[in-house]
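Peer 1: So TrEMBL says this about it:
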| type | residues | note |
| --- | --- | --- |
| DISULFID | CYS110-CYS438 | disulfide bond |
| ACT_SITE | HIS121 | active site, nucleophile |
| DISULFID | CYS245-CYS494 | disulfide bond |
| DISULFID | CYS291-CYS305 | disulfide bond |
| ACT_SITE | ASP385 | active site, proton donor |
| DISULFID | CYS464-CYS471 | disulfide bond |
Amino acid sequence: MAKEVVTERPDLVDHSSRWSIDEVSRTRNRTQHSCCIPHWQIFVLAPLLWLLWSKITPHQRPTLLLSEASTTVPVDHVPNIGFPESVLRTWAQYAPYIPTADYVPPPSRCAISQVNVLQRHGARWPTSSAGTKYKVAVDKLQNIKDYKEDYLTFLRNFTWNFGADDMLPFGAKQSYEAGVVAFNRYAHIVTEDSPPFVRAASSQRVIDSAANWTAGFNSAGHTIKARVDLVLPESGNLTLDDNMCPNSGKGNAESGKWLAIFAPSITKRLNLAAPGADLTDEDTHNLMSLCAFHSQVTMAPSPFCGLFTWEDFKGYEYFGDLDKFYGNGYGGNLGRVQGVGYVNELLARLRRQPIRDNTQTNRTLDSSPETFPLDRALYADFSHDNAMVAIFAALGLFRQHRLPGRKLDPVNPSPRRTWYLSSMVPFSGRMVVEKLECTGSDLLATGPFVRILINDAVQPLEFCGGISGLCQLNAFVESQWYARQDGDGDFEKCFE
């Protein structure tokens, strides 16, 4: 599919499409509800939604790119999809971007001198492989003529016409808004002669996310022009994807244990409602994923969501958390090492010194000032959730200190965990590393410091002696011994 660029200017929209731009560009307002959406609301919406949706074929969906739009973004907002925040966050890695805290400026004695942004692509269609599985589950339900529950009757008029892989208009919009936010916070450290340096992994949705980010940045400023400077092929050496460790495991075993606990009762309920469908627990999980994707396509509650309760989705959430924790995080033997290359790139930028790395980095690109400059004040990289989870783990973020063995239990979710993908790597989720120049005070020494924010939440950085989320640069660099030692032997295990 073509590049996605969003606009809030109605006169720039192709109105020949049945897609409602109002659904793409709604103002976001934080809702105050704390529980689930009643089933009856979804039932009321479903017929109207599918009357519209069934008439939209893939080639009719508009191509959108944000070139002119509002240059202000609400600080406190939840996407207006028709669900409260508590529901959206149960969608794990398929949740939309929602800030997890209000942005707090650095201390008054500190000035920002450099910023590194690492951002996930915006909301997308299901991948082609996942979409195939989702359709299998839908087909099983559609093959049944006699539904025992009314919440399934929408399937009689449902036509599968989903796209695959590419970014949605909503994803383009959130990427654009992120660029606006970046300009409003950090434009004072860049100049026309030294604009942001922007890289993207080569998946089209990642490139489009980077393009929309730069469009948002540019529209907010009009003089400093950002662009996508470098697209990194997702084959061979690359720090913005997780394809450089063939021996790394997945989180399937652990998440599978949890699926066998939370899904059977849901599967049984659905099979009673559609006798003969013979849904499996995997089908149930796929239908729950379809709720998250389809709601972000239509910007309204999908009727697929009406098949499940909020408690069902709490189980779904933990499935995603387990999958990434054991696949790319601390739970897998080779999870953290997949983020080492990016961490070493970050250290090189922070110190303005040539990179030292023998893992995922592209030696040719990273040795050239044209493709890996060390003199910029603002860098923005666009990536995938798997790679970002590995990078967080390589850095030492989100360690589960309060859990036995510091690991997520595959059969017993702990309320003491801090590993929630919806707060870590939602669509358009981001890590921002700020380098600060501070003058002395009772708490801080004079010199360079580092602060890390994940979706606007300041991280404690306890691994480098963080004070109010700030670490001296030298202490931060020293704390990254795992990356500086190329994964302490783990990278070689990727190929043994």
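Each residue, glycine too, has its Cβ placed from N, Cα and C.
All TrEMBL annotations are machine predictions without curation.
Please situate the listed features within the shown structure.
Peer 2: If you take the C-beta of CYS245 (disulfide bond) and look for same-chain residues 6 or more apart in sequence within under 8 angstroms, you find LEU334, VAL337, GLN338, PHE491, CYS494.
Over all protein chains present, the Cβ of CYS305 (disulfide bond) has 29 other Cβ atoms lying within 10 Å.
Neighbours of ASP385 (active site, proton donor), defined as other CB atoms within 10 A of its CB across all chains, total 22.
Within 10 Å of the C-beta atom of CYS464 (disulfide bond) sit 20 other C-beta atoms, taking all shown protein chains into account.
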Peer 1: Mind giving me a neighbour count for CYS471 (disulfide bond)? Other Cβ atoms within 10 Å of its Cβ, every protein chain shown.
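Peer 2: Total other Cβ atoms inside 10 Å, all chains included: 23.
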Peer 1: If I take the alpha carbons of HIS121 (active site, nucleophile) and CYS471 (disulfide bond), what is the distance between them in whole Å?
Peer 2: 29
Peer 1: Compute the C-alpha separation of CYS464 (disulfide bond) from CYS438 (disulfide bond), stating it in Å without decimals.
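Peer 2: Pair distance, Cα basis, whole Å: 17 Å.
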Peer 1: I'm trying to understand the geometry here, so how far is the Cα atom of CYS438 (disulfide bond) from the Cα atom of CYS471 (disulfide bond), in Å to the nearest whole number?
Peer 2: 11
Peer 1: Check the Cα-Cα distances from CYS291 (disulfide bond) to the recorded positions CYS110, ASP385, CYS471 and tell me which is shortest.
Peer 2: ASP385
Peer 1: Nearest to CYS471 (disulfide bond) by Cα distance: which of the recorded positions CYS110, CYS305, ASP385 is it?
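Peer 2: The smallest Cα gap between CYS471 (disulfide bond) and any of the recorded positions is with CYS110.
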Peer 1: Suppose we draw a 10 Å sphere around the Cβ of CYS494 (disulfide bond). How many other Cβ atoms does it contain, all chains included?
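Peer 2: Summing over all protein chains shown, CYS494 (disulfide bond) has 17 other Cβ atoms within 10 Å.
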